[in-house]
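The following block contains the structure, expressed as structure tokens.
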Amino acid sequence: MILFGSTGSIGVNALKLAALKNIRISALACGDNIALLNEQIARFKPKFVAIKDSKNKHLVKHNRVFIGQEGLEQILTECQDKLLLNAIVGFAGLKSTLKAKELGKNIALANKESLVVAGSFLKGAKFLPVDSEHAALKFLLEGKKNIAKLYITASGGAFYKYKIKDLNQVSLKDALKHPNWNMGAKITIDSATMANKLFEIIEAYHLYDFKEIDALIEPRSLVHAMCEFKNGASTAYFSKADMKLAISDAIFEKQDTPILEAIDFSKIPALKFHPISTKKYPIFKLKNTFLKEPNLGVIINAANEVGVYNFLENKSGFLDITKCIFKALDHFGVPKISSIEEVFEYDFKTREYLRS
């Protein structure tokens, strides 16, 4: 297996699972966490290693260290392994997804942004979903026909119990306290704004070629997806909130190993589902427009990344993330995109506009 994003929460969990099944790790790539990368190199002995910045190359305890996006593409070309787990965060993961598709590799995709910004250019790719909701949908949809609607669930994020009027006072520390999941900083903020769920709906559309998709808040994160059929029946996928299950579904050939403790249905409290309030989560107003106009993805994602990283660096407030997205959409409208090069151009233009 090739693992990009090895020091993030998905990567760390994937390596625990790889050790469980003695999966060979041929390549590791990370951003700046060189100390953890060196531990992973010592444990898994990959042939190839990549890091984000050449200034850290001398710190890496390996004799084949590649640098940046070009380095990732070189590894994909040179490494014969058929499986890439792409757990790079954000738009930075797109080039690796495109290259892996070109090379015919199986792509265990944790980098949902690849599909959000360039789904129409990734048709025919061999995807294995790593998001818990999409792994759940895959299970529910297998061999099924006559589907009326799909649902994925959201926890509501760090501010689910907050009043709307209190959201302009929240701190970064507050925003990083996810009630159910242990995740990286960016996706935790995306969960708090509901950008993550908006992106997951578009990801589901591209993965399963189905537009009747919605999301509901299920605060306990025990139900991950539901499938409604034309005859009125529905099915649901239950599991405890732990990413290892979805990762194992993607990287294991057989699903015969106990990964999580099963839910004891006699002990869980009553489950409740709630519609997502667009007053509290205004980003979710974009759902129907986004499904009609998937080209909006590159604008929404770039603006979201600018807004989130400004917030993470204490340059702006929590509510400014959403304002950033609507400002970019007002300026650019629906982009006409006919080539993958234009996706990169619009990403660049959006970031430049918001930083000017």
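Cβ atoms here come from the backbone N, Cα and C positions, even for glycine.
Found this in Swiss-Prot, in case it helps:
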BINDING   THR7, GLY8, SER9, ILE10, GLY31, ASN33, ASN111, GLU113, GLY184  NADPH binding site
BINDING   LYS112, SER132, GLU133, SER155, HIS178, SER191, ASN196, LYS197, GLU200  1-deoxy-D-xylulose 5-phosphate binding site
BINDING   ASP131, GLU133, GLU200  Mn(2+) binding site
Rounded to an integer, what is the Cα-Cα distance in Å between GLU133 (1-deoxy-D-xylulose 5-phosphate binding site) and ASN111 (NADPH binding site)?
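Rounded to a whole number, the Cα-Cα distance is 14 Å.
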From the binding-site residues THR7, SER9, GLY31, ASP131, GLY184, pick the residue whose C-alpha lies nearest to the C-alpha of GLU200 (1-deoxy-D-xylulose 5-phosphate binding site).
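Of the binding-site residues THR7, SER9, GLY31, ASP131, GLY184, ASP131 has its Cα closest to that of GLU200 (1-deoxy-D-xylulose 5-phosphate binding site).
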Using only the Cα atoms of THR7, GLY8, SER9, ILE10, GLY31, ASN33, ASN111, GLU113, GLY184, which the record gives as binding NADPH, return the largest interatomic distance in Å, rounded to a whole number.
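If we measure all Cα pairs in THR7, GLY8, SER9, ILE10, GLY31, ASN33, ASN111, GLU113, GLY184, the largest is 22 Å.
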If I take the alpha carbons of HIS178 (1-deoxy-D-xylulose 5-phosphate binding site) and ASN111 (NADPH binding site), what is the distance between them in whole Å?
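Rounded to a whole number, the Cα-Cα distance is 20 Å.
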Using a 10 Å cut-off, grab the number of neighbouring Cβ atoms around the Cβ of ASN196 (1-deoxy-D-xylulose 5-phosphate binding site), all chains included.
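The answer is 24 other Cβ atoms.
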Judged by the number of other CB atoms within 10 angstroms, which among LYS112, HIS178 is the least packed of the binding-site residues?
HIS178
Which residues of the same chain, at least 6 positions away in sequence, have a Cβ lying under 8 Å from the Cβ of THR7 (NADPH binding site)?
CYS30, GLY31, ASN33, LEU36, LEU37, GLN40
Can you tell which of the binding-site residues LYS112, ASP131, ASN196 lies nearest to SER9 (NADPH binding site) in space, using Cα positions?
ASP131
Cα-Cα separation of ASP131 (Mn(2+) binding site) and LYS112 (1-deoxy-D-xylulose 5-phosphate binding site), in Å?
8
Other residues near the Mn(2+) site, CB within 8 A of the CB centroid of ASP131, GLU133, GLU200?
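These residues sit around the Mn(2+) site: LYS112, PRO129, SER132, HIS134, LEU137, ILE152, ASN196, LYS197, GLU203, ALA204, HIS224, ALA225.
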Could you tell me which three-state DSSP class GLY31 (NADPH binding site) falls into?
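The three-state answer is coil.
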In whole Å, note down how far the CA of GLY184 (NADPH binding site) lies from the CA of LYS112 (1-deoxy-D-xylulose 5-phosphate binding site).
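Each residue's Cα considered, LYS112 (1-deoxy-D-xylulose 5-phosphate binding site) and GLY184 (NADPH binding site) end up 14 Å apart.
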Out of SER9, ASN111, which of the binding-site residues is least crowded by other Cβ atoms within 10 Å?
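Comparing Cβ neighbours within 10 Å for the binding-site residues SER9, ASN111, SER9 has the fewest.
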Pop the Cα-Cα gap between GLY184 (NADPH binding site) and ASN196 (1-deoxy-D-xylulose 5-phosphate binding site) into the table, whole Å please.
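Given the Cα positions, ASN196 (1-deoxy-D-xylulose 5-phosphate binding site) is 12 Å from GLY184 (NADPH binding site).
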